[in-house]
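**Q** Input: one structure, supplied below.
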Amino acid sequence: MVNKSSRSSYQVISPMAVTIFAHLLFIAITTLVLVWLLHFREGLAFSSTNKPKIFNIHQLLMVIGFLLIAGEAIMTYTTTPTSIKNHKLFHMILHLIALVAGVIGVYAVFKFHDESGISHMYTFHSWIGLSTIILFGLQWLLSFLTFLFPGARTSTRSKVAPWHALIGIIIFFMALLVALTGLVQKFIFLGLTRNQEGLIVNFIGLLILLFGISVGVTVLV
């Protein structure tokens, strides 16, 4: 955790400016991902004879549904002008949406592998990805029991809160790593070069990195 004296040195940075920048990145990433999957990768489908369409569901949900929504959940305390109680509620709801999207995204990639005759869990990306989803789910469940219903004692919540924040940001940056390694892996598998699709994939990765940095900065300031 960042102590008060450390935080004060970052006060020259406007939290609102950083979060606005992050929101703009959210829009840009979402737009590029949709253009990539719908225009270059033939669209989306949970069931199709064109199996890559199933895989596209995985990419859509893991980037937009999981990573970006999780980032928005972390920034809730900065971007939402409301009470602490509502902050906690919005934070938990957005993280729940991210978790559901992540679980469905993992299901989609397993479905794609099954129907395409591809082995499961053979890359670093897949190892870290599944680990991240599991840790994310455990973090959400423990946080729900501690901070919302039925809720632990105030002294317990005070002790848990710093660890909750630390573990949460670690899991978020694990998700960031998963997204970036997934894009690199896809870039290589597709044999992309300096063509239009290759540039879009690279820009998605670059903007995701900037989004992750922006979320990290909001935690500091």
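Don't overthink the numbers, they just go from 1 along the chain as shown.
Keep in mind that glycine also has a Cβ here, set from the backbone N, Cα and C atoms.
Any TrEMBL annotation is an automated prediction that lacks curation.
According to TrEMBL:
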- 21-220: domain 'Cytochrome b561' (DOMAIN)
- 12-37: transmembrane segment (TRANSMEM)
- 57-77: transmembrane segment (TRANSMEM)
- 89-110: transmembrane segment (TRANSMEM)
- 122-149: transmembrane segment (TRANSMEM)
- 161-180: transmembrane segment (TRANSMEM)
- 200-220: transmembrane segment (TRANSMEM)
**Q** Mean pLDDT across the domain 'Cytochrome b561' (21-220), rounded to an integer, is what?
**A** 95
**Q** State the non-local partners of the transmembrane segment (200-220) in its own chain: residues 6+ outside its ends, Cβ under 8 Å from one of its Cβ atoms.
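**A** Contacts of the transmembrane segment (200-220) (Cβ under 8 Å, skipping residues fewer than 6 from its ends): 2, 6-7, 10, 13, 15, 18-19, 21-22, 25-26, 28-29, 32-33, 35-36, 40, 63, 67-68, 71, 74-75, 78, 165, 169, 172-173, 176, 179-180, 183-184, 186-187, 192.
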